[in-house]
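Undergrad: Okay, here's the structure, questions in a sec.
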Amino acid sequence: MRLFKLPFKNSKESTADFTETVSENMPKHIAIIMDGNGRWAKKRGMPRVAGHREGMDNVKRIVKAANQLQVEILTLYAFSTENWKRPLTEVEYIMKLPIDFLQHYLPELVDENVRIQTIGEFDDLPKNTKAAIMRAKEQTADNTGLILNIAINYGSRFEMIRSIREICQEVQEGKYEIEEITETTLSDHLYTSHIKDPDLLIRTSGELRLSNFLLWQSAYTELWFTDTLWPDFSKEEFEKAINDFQKRKRRYGGI
Ligand code: FPP
């Protein structure tokens, strides 16, 4: 990675003479499919939920690293619309993780100037999960560092259907004509309307697919895969993914 020193802007202490290593051509938005928690636990003879717990702790480490590297947005796939098919005990456990995570780490995230947002069908989450996340969103709303964007009860196909429904409604209301619908119209109705598309998408655990994650938004995203299971995915490997990204030529269909 081509590293040089810059003032560390993503922290509230940034006005001091604190400097942090950052690099040129950093991906502004990184999305991660945090896969392999179950296998991590199985390898150790532990229940699957132990892998999710360890995965949750790793979220904190990677959030910290992303913030230090001055990444602007980190979108983490925490729970898909398809994950409801899992055994109820596992679903309930995963739904409690954001509550635990915020209980443990919210003060630190506030200090680190991180802003918490979500994408997905938020209203359908369990009441306690919603309440904990709402509190965190409110408490961090004015923060100006890394946006930690949690994809929870998120599915890309449903996101597009939802967007199309809203557009049809607006056409019916006479706000614009069908012929006026563009890529921007659709983008503007996605959960991600307020954030730029991911530059880099990482998937851990050796699986090579997108699993209904940011399908529209990742049209020109650089993909990066590793066999490492999410709980073992380290800051060093995160930097390696960024380093590889920096060597890629993005042509967006041009030459
Ligand atoms: C996929 O691994 C992982 C999940 C479905 C849950 C991910 C959730 C976390 C890491 C915690 C998120 C918490 C916050 C606060 C963002 P898997 O269970 O499919 O693994 P496997 O393929 O090995 O079975």
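Including glycine, each Cβ sits where the backbone N, Cα and C put it.
The active site annotation in TrEMBL covers Asp35. Positions annotated as active site, proton acceptor by TrEMBL: Asn83. Sequence annotations record features per position, and here TrEMBL assigns Mg(2+) binding site to Asp35, Glu222. The substrate binding site annotation in TrEMBL covers 36-40, Arg48, His52, 80-82, Trp84, Arg86, Arg203, 209-211.
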Undergrad: What binding-site residues among Gly36, Gly38, Thr81, Trp84, Arg203, Leu210 have a C-beta sitting less than 6 Å from any atom of ligand 1?
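TA: What lies within reach of ligand 1, judged by Cβ under 6 Å, is Gly36, Gly38.
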Undergrad: Using Cβ-Cβ distances, find the residues under 8 Å from Gly36 (substrate binding site) that belong to the same chain and are at least 6 apart in sequence, listing them in sequence order.
TA: Gly51, Thr204, Ser205, Gly206, Thr228, Leu229, Trp230, Pro231
Undergrad: Across all chains shown, how many C-beta atoms besides its own are within 10 angstroms of the C-beta of Asn83 (active site, proton acceptor)?
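TA: Counting Cβ neighbours of Asn83 (active site, proton acceptor) within 10 Å gives 18.
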Undergrad: Looking at Cβ-Cβ distances, which residues of the chain lie under 8 angstroms from Leu210 (substrate binding site) while being 6 or more apart from it?
TA: Ile33, Ser156, Leu201, Arg203, Ser218
Undergrad: Hey, what's the Cβ neighbour count for Asp35 (active site) at 10 Å?
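TA: The answer is 23 other Cβ atoms.
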Undergrad: Using a 10 Å cut-off, grab the number of neighbouring Cβ atoms around the Cβ of Gly38 (substrate binding site), all chains included.
TA: 20
Undergrad: DSSP on Arg203 (substrate binding site), three-state: which is it?
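TA: Once the DSSP labels are grouped into three classes, Arg203 (substrate binding site) ends up as strand.
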